[in-house]
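TrEMBL feature annotations, pasted as is:
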- 149: active site, charge relay system (ACT_SITE)
- 226: active site, charge relay system (ACT_SITE)
- 261: active site, charge relay system (ACT_SITE)
């Protein structure tokens, strides 16, 4: 599948690039950011996938998170895709910030008019890794995933639904229990229909209750002054309780007062997350 390079910038002796391609899964043009560390010039590198949150594109993480230096040091390729299909001319796709464009929620929609294009789960799980592995010096056996907010939800469900596929998983302020919060009810109801039992397949708290796959050490950072935490959108306590019950290892760090839901929060702790994944990817 043809890739078109949109931009390339040298960064910590590696390159931060953006590419565009035609997605078979989403039936539209998609962009992704990819950081190629210096090590990629001489050998194969593991890949870390970042999933962004509501309203984001591929740009937010690559311009705001300040992850490139740590990725260069640990020899990790970091891929940051967009958060939804774009420009599909679906009625209502641009009406609200938390549904449709910029809000794919990393599910495969089953309802009209979304089911043709809104297949972000399959795009992240299958199409994007195949594309990355075919075009860049990756080690396909060494892959991990992390994300923020809606993307934290995406990272957790992808790891839990595909035991052994990812070496590690982490998240910043993830939407942990979407079947119980307003964002989740709106998105899952819209994409998957009114039967709430079908939503459970994309809910990390529900998925961890029946998880029996390869050992996963989960790292979660949450800001104490996150406005969406206090609004009941993230519900990390529900996920922690389910992990504890199933004896799934999770490190949950509630970061002190002042840390919110922004990229300033992410940039403050991104190096810890890169280190967490490097431990497993470079083992």
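Every residue gets a Cβ built from N, Cα and C, even glycine.
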Could you give the Cα-Cα distance between residue 261 (active site, charge relay system) and residue 226 (active site, charge relay system), in whole Å?
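With distance taken Cα to Cα, residue 226 (active site, charge relay system) is 5 Å from residue 261 (active site, charge relay system).
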Between residue 226 (active site, charge relay system) and residue 149 (active site, charge relay system), what C-alpha distance do you get in Å?
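Here the two Cα atoms are 11 Å apart.
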Which one, from the active-site residues 149, 226, has the smallest tally of other C-beta atoms lying within 10 Å of its C-beta?
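Relative to the other active-site residues in 149, 226, 226 has the fewest Cβ atoms within 10 Å.
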If you count Cβ atoms within 10 Å of the Cβ of residue 261 (active site, charge relay system), leaving out that atom itself, what do you get?
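The answer is 21 other Cβ atoms.
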